[in-house]
Amino acid sequence: MEQKYDVIVVGAGHAGVEAGLASARKGAKTLMLTINLDSVAFMPCNPSVGGPAKGIVVREIDALGGQMAKTIDKTHIQMRMLNTGKGPAVRALRAQADKVLYQQEMKSVIEAQDNLDIMQGMVERLIIEDGKVLGVETVIGTTYLADAVVLTTGTFLRGEIILGNIKYSSGPNHQMPSIKLADHLREIGFDIVRFKTGTPPRVNSDSIDYSKTEIQPGDDLPRAFSYETTEFIMDQLPCWLTYTNGETHQVIDDNLHLSAMYSGMIKGTGPRYCPSIEDKFVRFNDKPRHQIFLEPEGRNTKEVYVQGLSTSLPEHVQLQMLKTIPGLEKADMMRAGYAIEYDAIVPTQLWPTLETKKIQGLYTAGQINGTSGYEEAAGQGLMAGINAAAKVLGHDELILGRHEAYIGVLIDDLVTKGTNEPYRLLTSRAEHRLLLRHDNADLRLTEIGYNAGLIDEFRYSRFNNKKAAISEEINRLSQIRIKPNEKTQSMIESRGGTPLKDGILAIDLLRRPEMDYASVVALIEEQGMIDESVQEQVEIQTKYEGYIQKSLQQVEKVKRMENKKIPENIDYDDIHSLATEAREKLKEVKPLSIAQASRISGVNPADISILLIYIEQGKIKRVN
């Protein structure tokens, strides 16, 4: 039995659903294959979406025409804006998800999508001929043909769950692992690494004494990830904060020899920025306590996620540890935490489109590329789906620059630098983070999403109207002069500012740190009716104009380097002046531009100068 598609997506987690939807929405006939249809967009770890950097990725996914933002807006139990006391570059939205509702909503979306077929089945091998992918074969012998395949296998590849001294084959949440496909990828020559992640225990809400914890409510203001959301969930559930203590740490110390992390049973590299409680105890032994957040997993379940207590200690030790924590003395553990090891490919084997260098038409996205996190997976899935469909349909491929999106930073880091541990996106990884803000994702990316075929005409028209409104309001404030009358002076002094000596343009008054848009406009006779999102942009663009201009100047310098393309047929062995390490790294990564080459670890400025001279002199030796 054979069926033919344009694009096949293997897996239906957070990367898979975005890849499948993007491909189908671009007009490619798409098939999504998944081990279990009941686990579409499942959240095996924390029941949340967003946070620092990650929340901005969710906004970017939405601006490009992806799905994650819309789904979490419909299914969250709480939403909070983080870092509101800091500058706009680090503000980010975070939502607690109703994980079951999130799954159900996402499954409904993919089931209703035109051009997208969904099938339960386990892929065991790729069909490859002359270095090009032709399709996939399942464990029951069914063959599906396609011109492009996107692998979004998550932590299922040779997945193994570890709990104390027990280790067994399993995908996340004790699902069936993918063994044969993992072996197949090794057989066809991919470099594979072994990574590890983990999850904490879940406890019954009725067994928690919340009076001993600190309430963590959601924001009172309506919040949303998607620019299209108009209905907001105001009936929110709180989370709760408690702490470990000396007694907790004593239980860990007494049983550290039983932890798979320290017994030698776990061989995979774990995530630096999401350590287990054992790891935190060992690495930060001077800390008297560690934060523990109690997060409801949904509105219709008693399960509470014990965030901060990820562990691979035996089940009885986990329960003993829980009972030392204030509020959890009588905790009823419903699920034990565990560690999971899995295979991932070395991501420098990918082009920036997420197509593999080894096999034409084969793309990978999500944790198979060495990342951690639902948001990082979804962003990659979206880009892989766009590019797989573009390849088949003859459209232009899409590569986002580091100055355009956190998704661009993420993918460039992976394919240029690689990673020796599960990669987590951080604001500190973005050198242009003032340009990559939560508030301006639509201004950065909606045009790109429209050109890629994922943004409809109605939304694109609204976006253009918003852009025009921002420009018009900045121009208006640049022409209105505010007099130093009693009302003006009183307003400025009440906000801790220095009184005016003379009249001032409204736009210049807005630049003062103590003034905001509302207070400036209150001093103008013709106030106008301006949308809140437009007000926000006018204020940020005005107050941070100098810093933004500096960032844009830096971007222009980088763009000049990006425009210096490295010919595909370059032979690095022919450039004798290159350092040996630089030559090896350049041959491995195969950078597309001088800028990308300069970001490779082990390639220094002297090597870049040599490479530039070689290219500019036209000394390109064709590779046989």
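Just so it is clear, glycine is given a Cβ too, placed from its N, Cα and C backbone atoms.
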Gly11, Ala12, Gly13, His14, Ala15, Gly16, Val123, Ser178 bind FAD per Swiss-Prot; candidate in Gln349, Gln360, Gln367 listed for that same site: Gln367
Secondary structure of Gln367 (FAD binding site) (DSSP, helix/strand/coil): helix
Position of peak Cβ density within 10 Å, selected from the binding-site residues Arg272, Lys280: Lys280
Tertiary neighbours of Gly13 (FAD binding site) (same chain, Cβ under 8 Å, six or more apart): Ser39, Val40, Ala41, Phe42, Thr152, Gly154, Gly366, Ala377
Residue, out of the binding-site residues Gly11, Gly270, whose Cβ gathers the largest set of other Cβ atoms within 10 Å: Gly11
Maximal Cα-Cα distance (Å) across residues annotated as binding FAD, namely Gly11, Ala12, Gly13, His14, Ala15, Gly16, Val123, Ser178, Gln367: 18
Whole-number Å value for how far Ala15 (FAD binding site) lies from Arg272 (NAD(+) binding site) (Cα to Cα): 22
Glu278 (NAD(+) binding site), number of other Cβ atoms within 10 Å: 25
Spatial separation of Gln367 (FAD binding site) from Glu278 (NAD(+) binding site) - C-alpha basis, Å: 23
Binding-site residues compared (Ala15, Cys274, Val282) - highest count of Cβ atoms within 10 Å: Ala15
